[in-house]
Amino acid sequence: MAKRLLVAYGLWAVGGPLGLHHLYLGRDSHALLWMVTLGGFGGGWLWDFWHLPAWVAAANRAPGGRVGAVPALSPLRLAGQVAVGTYFGLVAAVAMPWVPALVAQPLAVGLGVQLVASVGDQTARAPSTLAAAFVTSLLFQGRVLAVLPTSLAAAITAQRHQRYKPQGAARPRLAARLYRLGLACLAFAAPLACRGLCEAAAVLGTVLALPRAVTELLLLPLRATGLLAEVLGFAGRFLAWERSGRAERQQWAYEVLGLLPGSSAEDVHRSYRELVKLWHPDHNRQRAEEAERRFIELQEAYEELLGHRR
């Protein structure tokens with residue numbers, strides 16, 4: 001089906017940064033590059049405006065011609081390979097810190113360089129590009145600053161092995177092309193999304209911890225006052241009052257369990273089990289309210305006498 005220049009310009013205007021006009025013209029590698037870089041960081045999308053007529057004519061041209069020919073060295077493509085390779089390497093360093101740098105960074109750099117090498121009607125030998133990236137990264141021991149020389153080495157290797165794509169091959173259907181582009185975009189965006197969610201969870205945890213920190217700060221003067229009172233000797237009265245209240249609670253607990261003060265733990269446990277059976281609400285449906293009240297008192301008395309020991 002013949003491609004129309006007006007449609008290409010419309011797609012360029014509506015979804016140019018996402019590469020919709022490249023997808024329309026069958027330039028899938030260029031479309032993927034625009035998707036992961038948002039139109040070549042904005043500048044590439046504007047640059048496309050002057051090249052659309054030539055690309056539409058190339059899409060409508062019959063295949064044939066340059067079989068076995070070697071493309072000339074392109075400084076613009078070389079600069080794009082270095083820039084995108086560096087960008088991919090930095091993204092891998094940020095989004096996948098758990099992956100060893102000697103694996104993630106050269107792989108990302110090599111894929112970025114290879115993607116730029118595959119734009120248009122050209123391509124390069126991917127094994128050679130990846131090998132150059134891994135060897136250079138190994139020389140620099142996978143440091144973050146190694147992404148630039150790694151990108152440069154991979155780009156030079158890709159330029160040395162640059163070839164024209166074979167002509168006449170059947171183009172996959174649109175559904176298959178969209179499926180491949182979707183998988184490629186997912187592979188690029190998933191680590192970034194995971195990293196972003198982890199950072200968001202950390203920030204949320206910090207925000208949720210702020211009320212507790214503020215409460216601790218507000219209670220600090222009260223605690224300091226209590227410490228000062230203890231140092232000055234006023235805390236003894238409070239402790240004596242607390243011990244007196246505890247003695248009254250224990251006296252009440254012994255009375256509830258029907259025991260004398262100072263009874264052993266075995267006596268407390270035995271009396272508690274007998275009275276619980278006697279006053280269980282299921283066994284006293286005729287006087288449910290009184291049984292429930294006595295049952296709760298037995299629980300509190302038992303906890304008062306033996307709860308601290310357990």
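All residue numbers here begin at 1 and follow the chain in the order shown.
Using the three backbone atoms N, Cα and C, a Cβ is placed for every residue, glycine included.
Those TrEMBL annotations? Automatic predictions, nothing curated.
Pulled from TrEMBL, these are the features on record:
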DOMAIN    252-310  domain 'J'
TRANSMEM  7-25  transmembrane segment
TRANSMEM  31-57  transmembrane segment
TRANSMEM  78-99  transmembrane segment
TRANSMEM  130-157  transmembrane segment
TRANSMEM  178-208  transmembrane segment
TRANSMEM  220-240  transmembrane segment
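Sequence-distant contacts of the transmembrane segment (78-99), counting only residues of its own chain at least 6 positions beyond either end whose CB sits under 8 Å from a CB of the stretch, comprise 33, 37, 40, 105-113, 115-117, 119, 133, 144, 147-148, 150-152, 154-156, 158-159, 188, 191-192, 194-195. Same-chain neighbours of the transmembrane segment (178-208): 23, 28, 31-32, 35-36, 91-92, 94-96, 172, counting only residues six or more beyond its ends whose CB sits under 8 Å from a CB of the stretch.
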